[in-house]
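Here is the structure we will look at.
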Amino acid sequence: MAESVVASSASSCFSRSRSRSRSRAPTPSHSGSLTLRITPPFSSPINHTHLREPLSLFPRHPPLFLLVQSPATPTAASALDSDIPHPQVGAVQGSSPPAETSTLLRQWDSLTAKFSASSNIPFLLLQLPQIILNARNLLSGNHSALLAVPWLGMLTGLLGNLSLLSYFIKKREKEAVVVQTLGVVSIYVVVFQLAIGRAMPLPIFLVTSLVVATGLLLNFSNYFHLLPPSLWSIWEDFITIGGLSVLPQVMWATFVPYVPHSILPGSIACFIAFVAVLMARTGKLSEKGVRFVGAISGWTATLLFMWMPVSQMWTNFLNPENIKGLSASSMLLAMIGNGLMIPRALFIRDFMWFTGSSWAALFYGYANIVCLYSFNCISREFFLGATAGLLSWLGMALWRDMVAYGYNTPLRSIKELVYGP
C-alpha cells in the first residue's frame, strides 16, 4: 500500500517518507486461504493454448501419489449446488501449484470435454433408425404402424431433454448443451411424424411445438445473455412444476394394470410443486429450501431418464418373450453414449449428472444386454466384449481422475463428488 507523497521537501525527507510508507505496507498472507478466479462464461476454465505436452489418455509421467491436492483444482459442489456453473480453477495466494499436476488437470479437462461432445454420435445413431422407419411408413401410407410408437413416452423424453438443457445452459457445459439440444430436436422430429400419421392428437402436438420453440428460444437467449432474469425464472418454474408432475405419473403408469388407471399421482405432485415454487418466490422458504426447489427440475429430469431402465426391466419381467424384440445395438449405443459423459461429470464433481449417466449406462444399456444374453439373443463374444469395455472405461475414468488431482485413491474423488470438498 503506497501513500501519496508531496515532493515539496528535500530529497532526504522524500526518502524517509517512502521508507515509512513501505514499513506500513502489510505483509502477504500465507494462511492458505482459497481464492477463486472466475473466468468469463464462454471461456474454458483452463487455458489449453499453453500446453507443451500432447494430450494423452494415460500420462507418461503420472505424479507421485504422495503429492497433496493441488491448490489449482476445481472445487466440488454439493448436490444441491449442482446447477451452478462448473467449478473454476482456484489458486492459493503466495504459492503456485506443481507444474506437472496442473498440466495433467488441463489435459484431463480437455479430454473429458471431448468425451462428452463425442457422445452425440451414439445418441444420434440411436434415434435415426426410428426416424427412418417412420418416414418409410408415412411414404408408403402405412400410418397405423406409427401407433407402435408411444407418443406419451416421446413427450416424457422431450420434457426431460428440455429440463436438462436448461440445467446445462446454466452450467455453461457446451458439450452437454449440444447433446441435450440434439435430443430435443430428434425427439421432436419423431413427434412431428406421429402427428402427421395421426398417431398423436393434434392439439397436444400444437402445444408441444409451442413449448419446444419457447424452450429453445429461452435457453439459448439465456446462454448468450440476451434474456432478462425474470423470464428465465418463469421458465424454470414451468419446468420445475412440469417435471415434478410428470415423474410420479410415469412411475404410476409403469405398473398398470396392477394398479388402477389414475391421474391422482400427477395431480398431487403438480399441486405440491406449485405450492413449493410459490413459497420459494414469495420468500417463505429458507435459503436451503430455495436452493432445493431450484434443483428440482434437474433432478426430476434425471429421475425420468433413470426410470426408463426400471420400466424396461419391469416389462422384461412381465413378458420375457418380448426381450427378443430389443435391439442389442441400440442398448450398446445407449451404454456408450451415457458412458462417454461419466468422466466429465466426475471431473467437474457434478453428482446429478454422474448419477444419471452412470445409472443409464449400467441399468439401461448394460442391464438389457445382460437380459439379451440370458435369453440367448446375443452371442457370448458380444456380451463379454460389452462387459470388458464398460468395466475398463469406468476403471480408466476413476484412475485418470485420481492421477489428474494427485490423489492416492479414487475413493477420494467419489467422496468429493457426493459430499463436496
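Backbone N, Cα and C define each Cβ position, glycine as well.
Note that TrEMBL annotation is computational and uncurated.
What you are looking at is a predicted structure, and each value in this text was computed from that prediction instead of being measured.
Now, the feature entries from TrEMBL:
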REGION    1-39  region 'Disordered'
COMPBIAS  1-16  compositional bias 'Low complexity'
COMPBIAS  26-36  compositional bias 'Polar residues'
REGION    77-100  region 'Disordered'
TRANSMEM  145-169  transmembrane segment
TRANSMEM  176-196  transmembrane segment
TRANSMEM  202-226  transmembrane segment
TRANSMEM  238-256  transmembrane segment
TRANSMEM  262-280  transmembrane segment
TRANSMEM  292-310  transmembrane segment
TRANSMEM  330-347  transmembrane segment
TRANSMEM  359-376  transmembrane segment
TRANSMEM  382-399  transmembrane segment
For the transmembrane segment (359-376), find every same-chain residue at least 6 residues outside the stretch whose CB is under 8 Å from a CB in it, and list them.
305-306, 308-310, 312-313, 316, 320, 323-324, 326, 328, 331-336, 338-339, 342, 382-383, 386-387, 390
When you look at the transmembrane segment (262-280) alongside the transmembrane segment (202-226), do they share 3+ Cβ pairs under 8 Å, ignoring any pair fewer than 6 residues apart in sequence?
no
Okay, the transmembrane segment (145-169) and the transmembrane segment (292-310): do they have at least three CB pairs under 8 Å, pairs separated by 6 or more?
yes
